[in-house]
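*Asks:* Copying in the features that TrEMBL gives for the protein in this structure:
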type    : residues                                : note
BINDING : E98, H101, K214, E215, N218, Q232, H247 : chlorophyll a 1 binding site
BINDING : R103, L183                              : chlorophyll b binding site
BINDING : R220                                    : chlorophyll a 4 binding site
Amino acid sequence: MAVAVGRGFLVQPCSYSSSPTFHNKIYKPSLGSATTFWSTFAPQRYPQVAVQAQQRPTWLPGLDPPPYLDGTLAGDYGFDPLGLGEDPKSLKWYVQAELVHARFAMAGVAGILFTDLLRVTGISNLPVWYEAGAVKFEFASTRTLIVVQFLLMGFAETKRYMDFINPGSQAKEGSFFGLEAALEGLEPGYPGGPLLNPLGLAKDIKNAHEWKLKEIKNGRLAMIAMLGIFVQAYVTHAGPIDNLVEHLSNPWQKTIIQTLANSTS
């Protein structure tokens, strides 16, 4: 008696999605004249169930991010161990605070490295960065410079805070000495315009997620670098370029381990 053997079972790959997906496939073998005999011993259905979890990068692999960090923010990897962003209003403020600190850190690292390089190479007679605040200038006294800095920074930070409370309010005509068109407030934290975005990299700020991600990543790296520069100056009493040159002169003996060991002894 001839029996027609059914076709082999086909396993189809499942596409990834952002939510759990269940696929039920029913496969029936193609049988010949012995269908009744075969069905007595063989099951009629062969279900295939595939469960797929949501794929999202987090700061710690396998860790479920908090529900309020849904991945929509630039650079959101679910990192909030203290739960500071549980309140939506506080989360918006912390996002702006991190962005400002990141930009200051990037400017600070660039300024420290550039001036330290000029000092070490002898191109310019500049003080090491942590002594620059004690330098006396001929064109103005230290007190005058502090007052001017407080006024300028206070004005800029006040305008930023007002734009955070009422987005777009600082772009109205007459709100910034007629320079509103040059700023083109895109959204809180991103003033834009030819003054602060001369290359026009993110004119469409709503679709500039990639640029925002690059900026916050570099800013976070700069904040860590600033912390390292602070600790380095406290321990070694030297600038970052001096420390780099010393390390390169003897890479196996001039390391952070030996430096910390000598500082505590």
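Positions of Cβ are set from backbone N, Cα and C atoms, glycine also.
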*Asks:* Using a 10 Å radius around each Cβ and counting other Cβ atoms from all shown chains, which of the binding-site residues E98, E215 yields the largest count?
*Replies:* E215
*Asks:* Rounded to the nearest Å, what's the C-alpha distance separating N218 (chlorophyll a 1 binding site) and R103 (chlorophyll b binding site)? Just drop the number here, would you?
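*Replies:* Taking the Cα atoms only, N218 (chlorophyll a 1 binding site) lies 9 Å from R103 (chlorophyll b binding site).
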*Asks:* What whole-number Å value do you get for the CA-CA distance of K214 (chlorophyll a 1 binding site) and R103 (chlorophyll b binding site)?
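*Replies:* On Cα coordinates alone, these residues lie 12 Å apart.
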*Asks:* Where E215 (chlorophyll a 1 binding site) and R103 (chlorophyll b binding site) are concerned, what is their Cα separation in Å, rounded?
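*Replies:* Pair distance, Cα basis, whole Å: 8 Å.
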*Asks:* Excluding near sequence neighbours, so keeping only residues 6 or more apart in the same chain, what lies with its CB under 8 A of Q232 (chlorophyll a 1 binding site)?
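*Replies:* Expected: A238, P240, N243.
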*Asks:* Taking the Cβ of H101 (chlorophyll a 1 binding site) as the centre, count every other Cβ atom within 10 Å, in any protein chain shown.
*Replies:* 15
*Asks:* Once the chains shown are all counted, how many other Cβ atoms turn up within 10 Å of the Cβ of R103 (chlorophyll b binding site)?
*Replies:* 16
*Asks:* Reported as an integer number of Å, what is the Cα distance between E98 (chlorophyll a 1 binding site) and R220 (chlorophyll a 4 binding site)?
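*Replies:* Each residue's Cα considered, E98 (chlorophyll a 1 binding site) and R220 (chlorophyll a 4 binding site) end up 8 Å apart.
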*Asks:* Counting only residues 6+ apart in the same chain, whose Cβ is under 8 Å from the Cβ of H247 (chlorophyll a 1 binding site)?
*Replies:* K254, T255
